[in-house]
Amino acid sequence: MSKKGRVLVAMSGGVDSSVTAVLLKERGYDVVGLTMKTWDYSTSGGRDGKEVGCCSIESMNDARVVATEHGFPHFVVDLREEFGDWVIERFTDEYLSGRTPNPCVLCNTHIKWDALLQRADDLDCEYIATGHYANVRYDDERDRYLLSRGLDRNKDQSYALWGLPQEHLARSIFPLGAYEKPEIREMAAEFGLDNVADKPDSYEICFIPDNDYPRFLKDRVDGLEEEVSGGTFVLSDGTVVGEHDGYPFYTIGQRRGLDLALGERVYVTDIDPETNTITVGPKEELMEQTLTAHEINLVKYPELDGERPAWGTIRYNDDGAGCLAWQPDEDTLKVAFAEPKRAITPGQSLVLYEDEDVLGGGWIHEVGGAENEAAERAAEAPA
């Protein structure tokens, strides 16, 4: 057994996870590689034989080659059933409820970490590691494990990890959090990872590699297209201005693909699944200053006592804005931003930061409705 300990590394077959595994081995850890097969087209509503990215045979073979060439064991685990139940079902249900889901957060919280920790225990591994650009450390004063942004702000993935509880963070290692992406590609070349060093980054949803989520929903839900077609576009005053293809195929803030000639640019400002109605309007009608989030997870503190200044983000790659956050009950966060935010979208993640640390997060449930006075105080609070 290595003095550093035994670590189970999630390996997708990409450059980040491959460098993570080899870097930890170079640092003296006893490394075990694990590739998780989470989906295929036959079980997730698509066409057989079209797997690409992290669940393709090529990617699994790339991970195996890295492990073999660097002398550590590698395993593959089939998580398609769990992924389908937790991620794909909720993804589908959220769109059918008029919300816009974030499947990566669900996968990290309920699939990847649960599966990694279970297999880590089976393989006598003390730690798990991934190629996420984030950092974790133990804070003696708070007696808590803290999650913080990665050094490379362009690649920072702390937003997608807000749902990890303390017991998961306690066993997690993120070696790439201290590096920028160009350094990782340089390391890949230095380590001789020729099969992955120049692989392009992946930005699409892993189980929708063509990024066509309306097509995915139509493939997955029998009769959906016929059921929801013929809905109406309306203005905020109720004036009907056109027909649409069905409410699940649109998202808050969308402008392209509306096929409306109204003499000005309009955006989706509201989605009503009950009436199959989509409200459109000018950009100004997308601006909101308050929100409510549920299913929360607090990282830096066990609970929030009163209003706390924070930096709030409402989607991946959102620059964020100063805000006040408070916790009216165990499972709810309310947030008032110092200035109105564009297209706050139910179903997306709210993530709060305090300096570089993740304060906590939750799923955006309701937009507006929080106290106007709180928004005024947020404008005066330190960012």
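Going from the start of the chain as shown, residues are counted 1 onward.
Cβ coordinates come from backbone N, Cα and C, glycine included.
According to Swiss-Prot, the active site, nucleophile annotation covers C107, on the basis of sequence analysis. Close to C107 (active site, nucleophile) in the fold, though at least 6 residues off in sequence, lie T38, F83, W86, V87, each with a CB less than 8 Å from its CB.
Other Cβ atoms within 10 Å of the Cβ of D16 (ATP binding site), summed over all protein chains shown, number 25. The annotation ATP binding site is assigned in Swiss-Prot to A10, M11, S12, G13, G14, V15, D16, S17, M36, G131.
Under the DSSP three-state reduction, C206 (disulfide bond) is assigned to coil, being neither helix nor strand. Taken from Swiss-Prot, the feature disulfide bond applies to C107-C206.
Counting Cβ atoms from all protein chains shown, H132 (site 'Interaction with tRNA') has 25 others lying within 10 Å of its own Cβ. Sequence annotations record features per position, and here Swiss-Prot assigns site 'Interaction with tRNA' to H132 (among others) based on sequence analysis.
Marked as site 'Interaction with tRNA' by Swiss-Prot on the basis of sequence analysis: Q348 (among others). According to DSSP, Q348 (site 'Interaction with tRNA') sits in a coil region rather than a helix or strand. Non-local neighbourhood of Q348 (site 'Interaction with tRNA'): T100, P101, N102, I314, R315, W363, I364, each in the same chain, at least six residues away, with C-beta under 8 Å from its C-beta.
Reduced to three states, the DSSP call for M36 (ATP binding site) is strand. Shown are the recorded positions A10, M36, C206; of these, the residue with the fewest other Cβ atoms within 10 Å is C206.
Between the CA atoms of S12 (ATP binding site) and C206 (disulfide bond) there is a gap of 11 Å, rounded to the nearest whole number.
For the recorded site, C107 (active site, nucleophile), the DSSP three-state label reads helix. Counting every protein chain shown, 24 other Cβ atoms lie within 10 Å of the Cβ of S12 (ATP binding site).
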